[in-house]
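Structure record follows, encoded as structure tokens.
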Amino acid sequence: MAHFITFLLVLSLSLTFSLLPETASAQLRQNYYAKTCPNVESIVRNSVTKKFRQTFVTVPATIRLFFHDCFVQGCDASVIIQSTGSNKAEKDHPDNLSLAGDGFDTVIKAEQAVDAVPSCRNKVSCADILAMATRDVIALSGGPSYAVELGRLDGLRSTAASVNGKLPHPDFNLNQLNSMFAAHGLTQSDMIALSAAHTVGFSHCSKFSNRIYNFSRQSAVDPTLNRAYATQLQQMCPKNVDPRIAINMDPNTPRAFDNVYYKNLQQGKGLFTSDQVLFTDKRSKPVVDAWAANSNTFNSAFIAAITKLGRVGVKTGRNGNIRRNCDAFN
């Protein structure tokens, strides 16, 4: 009798689990468009390459757009939506105003290229185009190439209010970074790997000026900042600098997606507090040291992390659709 009751319990549990909805990311797979738009990856890559040749800003702008999209409502291209009279969209939240226009343009141009092929028209989501474009700009700037998972739908909502408290700030410490990434199922190692996107980024002076002018009562300059680098930053960012001025986040290889980001941290040349803390905090320092020493190990970790990022909050079924224009709802 006991065996029979155990059997019934196991049966009811297995039925319960089989009836639970699959996680949205389970529908993601490589070659998702094999039947509907088989050449989509080369179409997107050709379009992105053309844009990349026009301006290197294409690289950091597209990577950052993908990150800001995925961390707010999931990877659903909601960050690309334009505001209307009745709706202030994600892109107009203060944390998103510094997203470079070239990132948006990269996705819009790639969508136009895809839709120019009759069999592909309105078959490929903007969310997937952004994921592919991100992979392509990383490879174009010398980073690792990887197979990208596809099958996301575009989101049906985009509000500036939804951005509040969802994106990391330049002054975050390790605990703040870890908890924000953990909310999306990303580990400390994933966070350290994804931070390396700053190897090709640029920043406005206001994002780090506190580190070079008014850090604390004891020290005007952040003591974790390399002295010579701090002087260099003060020269590039004088106190009354034009707010439009932006500087490279990687002072050594700003146009290469590489592990020099971690070597910079070892020398006290992390631009943001949230960069340098990865080296100064003993919990994350061993990973920084390992990836500074071995680019292959870093590349593998980065591929794993950005693949996991691409699974965050994926829309499926009635929760999404394929937009006819990436910057407007159907």
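A Cβ is built for glycine as well, from the same backbone N, Cα and C atoms used for every other residue.
Bear in mind that TrEMBL entries carry predicted annotations, made automatically and left uncurated.
If you look up TrEMBL, you'll see HIS68 marked as active site, proton acceptor. Taken from TrEMBL, the feature Ca(2+) 1 binding site covers ASP69, VAL72, GLY74, ASP76, SER78, GLU90. Positions annotated as substrate binding site by TrEMBL: PRO168. Summarising the annotation, TrEMBL assigns heme b binding site to HIS198. For THR199, ASP250, THR253, ASP258, the entry in TrEMBL reads Ca(2+) 2 binding site. Look at TrEMBL and you will find CYS37-CYS120, CYS70-CYS75, CYS126-CYS326, CYS205-CYS237 tagged as disulfide bond. Annotation comment: TrEMBL describes 27-330 as domain 'Plant heme peroxidase family profile'. Residues or ranges marked as signal peptide by TrEMBL: 1-26.
This view paints the features noted in TrEMBL onto the structure.
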residue: ASP69; record: Ca(2+) 1 binding site; Cβ contacts under 8 Å, 6 or more apart: CYS75, ASP76, ALA77, SER78, VAL79, ILE80, ALA127, LEU130
residue: CYS70; record: disulfide bond; Cβ contacts under 8 Å, 6 or more apart: HIS184, LEU309, GLY310, VAL312, GLY313
residue: VAL72; record: Ca(2+) 1 binding site; Cβ contacts under 8 Å, 6 or more apart: SER78, VAL79, GLU90, SER162, VAL163, LYS166, LEU167
residue: CYS126; record: disulfide bond; Cβ contacts under 8 Å, 6 or more apart: ALA77, ILE80, VAL107, GLU111, ASP154, ILE322, ARG323, CYS326
residue: PRO168; record: substrate binding site; Cβ contacts under 8 Å, 6 or more apart: GLN176, LEU177, MET180, SER274
residue: HIS198; record: heme b binding site; Cβ contacts under 8 Å, 6 or more apart: MET249, ASP250, TYR261, LEU271, PHE272, ASP275
residue: THR199; record: Ca(2+) 2 binding site; Cβ contacts under 8 Å, 6 or more apart: MET249, ASP250, THR253, ALA256, PHE257, ASP258, ASN259, VAL260, TYR261
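Ranking the disulfide-bonded residues CYS75, CYS120 by how many other Cβ atoms lie within 10 angstroms of each Cβ puts CYS120 at the bottom. Recorded residues CYS205 (disulfide bond) and CYS120 (disulfide bond) have their alpha carbons 43 Å apart, per Cα-Cα distance. Taking each of the binding-site residues SER78, THR253 in turn and counting other Cβ atoms within 10 Å of its Cβ gives the largest count for SER78.
Every protein chain shown contributes to the tally, and the Cβ of CYS205 (disulfide bond) ends up with 21 other Cβ atoms within 10 Å.
For CYS120 (disulfide bond) paired with HIS68 (active site, proton acceptor), the C-alpha to C-alpha distance reads 27 Å. Other residues of the same chain near the Ca(2+) 2 site, with their Cβ within 8 Å of the Cβ centroid of THR199, ASP250, THR253, ASP258, are VAL200, ASN252, PRO254, ARG255, ALA256, PHE257, ASN259, VAL260, TYR261, ASN264. Each of the disulfide-bonded residues CYS37, CYS237, CYS326 was scored by how many other Cβ atoms lie within 10 Å of its Cβ, and the smallest score goes to CYS37.
Each of the binding-site residues ASP76, ASP250, ASP258 was ranked by the number of other C-beta atoms within 10 Å, and first place falls to ASP76. For the Ca(2+) 1 site, the Cβ centre of ASP69, VAL72, GLY74, ASP76, SER78, GLU90 serves as reference, and the other residues of the chain with Cβ at most 8 Å from it are HIS68, CYS70, PHE71, GLN73, CYS75, ALA77, VAL79, GLY155, SER158, SER162, GLY313.
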